[in-house]
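Notes follow the structure.
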Amino acid sequence: MTLFKKIQWFCNLIRLRSYYKFLLLIAYTAFGAWLFRTYELQADIKRRSVFGNTTNLVRRQLAERWIEMHKDAVLRNDSALRFRRAAEAVEWLLDELNLSDHIRDLSEETPWTWTGAMFYAGQLYTTIGYGYPTTKTDEGRICTIFYALFGIPCFLMYLKIENAIEWKKDKQLGKRALKMHGLINDSFQSIGKTLSKKMKKYYKKLRRSRVGRILLPTRVTAMKDGFEDPEAAEERKKKPFPIPIAIIMLIIWICFSASMFCIWEDTWVFSSAVYFFIVSISTVGLGDMLFRTPDMMVFNFLLILVGLALLSMCFELITDRVAKWKQKRFDEHIKKVQKMAFQVFEKDPFIEEAPPLGIRMAPNLMQIAATHVSEEKRGFFAEFKDWFAGKVTDNVIQSKLEDSDDESDSEEALEEFDSPQIATVTANDLIVCSNGAATRRVSKQSYALSDISNLSNSKILPGNNYGQLLDRIKAMEKFKPKKNDLDSRMFAKFLENKKLAKILEQTELRELATVSCQTDLSGLVVQRRNPKGRHARIGSCSSQSTMSTLLPNKMHAPDEDSVMSFTFGDLKFDYKTEPFIDEYYIRESNHSIFDFDEDETVRIPQKMLISRPGMPPPPPSRPLNLASPLRTLLEKEQKYDEDPEIQLTPRRLNSLSDIQARKVKLGVDENLQHARLVCGLLPQDFDSPSTSTSTSMIDSGYELSKRDASTMA
């Protein structure tokens, strides 16, 4: 066995790997001790020897002068001259012992002016610790302890924010310098890099769009009670160390160390020992109290080292808890925004997407009502709470923006193509909703996500894709009763923040899956249950991502600026505008737990164009290869009017620009007056609109087919 093998065997025997870092710290400390001792020991011994010899010489000379003064007859008879000679001797003694400056500092004006006190406070939270001035009273030392413990973390956070701002400014200056350099050189390489960055930017925008989400594969990860991803379960089980226990451990260690200091230092009291220990572990080190027992300095150093580790642990736990609290508040606010967005865009899942005009029209109507809401009188403490909530919200949003900027910078150095998106499905998020002949199990929140994602395709100025949606959500929030709790005020300030739109553009929204089931009445409805307890299905199911089911639809009624049709999305003034194609294919399933059958694709029959009263007849339907009995019954019930007089262009409905508002006296009706105060306008304030074409909702024929089926049976 070689020498290296023996050393390696011995290290494994004593388990050196578990505490080698501590040994390295001790070795580094010993190296520093040797280094400083080498250069300071001899010089300090010489300086102390000179000081001792000088002190002995001064003492001997002072004694000789006193003897001369006592023997001198002139000085014996003249008391004033004798006093003056004695004062000169004392001054000479103080100058020789270098005590004049120290006496002058103690006898001058107090250093505890406003500027001096601010200088001392700055020494504490910056951990500089010049040692002048220092506190001498017990009250001042107690204030020093708490001020330093609270000020040091705050100052570190301030330095972090300032460093991030300076780093961003330096980065912008560097980009500008590189840009100017590229413009001056105008080389092909710089042009290629510029085009590459632009293409990458356009690629990211395409990914966030509706078409990009269709093209990217989406892998569905299943979650259920007691069954989830192992990494997520491990992350959930990792609980941080309790902060109260850490603080109790720190307090116990401070008391124990202070007691040991009182034993080793006879002149110290317990309060002074606590003050010295806390000032030491906070790395301030004012130097107003020193050890008088050099033999115990090593043990004192070990006590301070353990206390410093405990204090650092407490600071880290508190910082992590604050960061998690900020992240939790941000996630809850984003979730509320998504829920409110779902309420804004709630509609029938079988009806086509609303055009961008509906998104831009509705917020203005709601803003008119919101501006007439009377302001609530709030007191000083309520206003202070609003101000505090606003500051906390600004800090949360600013931190998220900085994190997103860092992530965007790091993404440029990673691979160019991103990994597939991962969507999560939970059992509690799925609901069942029916519409006529079809039944679908869909995720309720997926509509809000899909509608928010569709805003990127709306005809709104770039950089303000969420502006109209936020205006509508703000109007909804204003009508809610105001609460005085901090969370409600923070959410209100969250909506009012000007950077919220940018946050929504940069936040990766959670995508949930939609499971579509087509009911086939030709056979029995079979309900199967998975042996492992998964969800039952009806008919033939195919799992697909919510984002992947979105199809571009530019066919809508000609009344594009109608308030009723596009604000509420529930009235249709034209025949149903589904894509006029024979059939289309849903893409292949992505290994979802809901895809139980062996079919790779599912054929969806053609959507029929159903005539409405006052509308021209739709084009004749094409022959269907896959027609269910329900579709056949619907075709038999449809009777198209061939009268050429009604084959006219649909009459254009009144829009917001055609309405003339006028104020109508309401009399003494308090309800109408309150309604006008809240809404701004009432139906009585408008002229009677011209008669338009009658409207009706589409009857899917489901009840009729069920009645006919029961009759035939």
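Here the Cβ of each residue, glycine as well, is placed from N, Cα and C on the backbone.
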Which residue, chosen from ASN53, ASN590, is annotated N-linked glycosylation site in Swiss-Prot? ASN53
Write down the residue from ASN98, ASN185 that Swiss-Prot flags as N-linked glycosylation site. ASN98
According to Swiss-Prot, N-linked glycosylation site sits on which of ASN77, ASN454? ASN77
Alpha-carbon distance [ASN53 (N-linked glycosylation site); ASN77 (N-linked glycosylation site)] in Å: 36
Let me check the 10 A CB neighbour count of ASN53 (N-linked glycosylation site). How many other CB atoms are there? 10
Give the one range among 16-36, 142-162, 298-318 whose Cβ atoms make the most pairs under 8 Å with those of the transmembrane segment (243-263). 298-318
Including all protein chains shown, what's the count of other C-beta atoms within 10 A of the C-beta of ASN77 (N-linked glycosylation site)? 9
ASN98 (N-linked glycosylation site) has its Cβ surrounded, within 10 angstroms, by a count of other Cβ atoms equal to 10
Need the DSSP three-state call for ASN98 (N-linked glycosylation site) to compare against my parser. coil
Model confidence over the topological domain 'Cytoplasmic' (319-713), as mean pLDDT, sits at 51
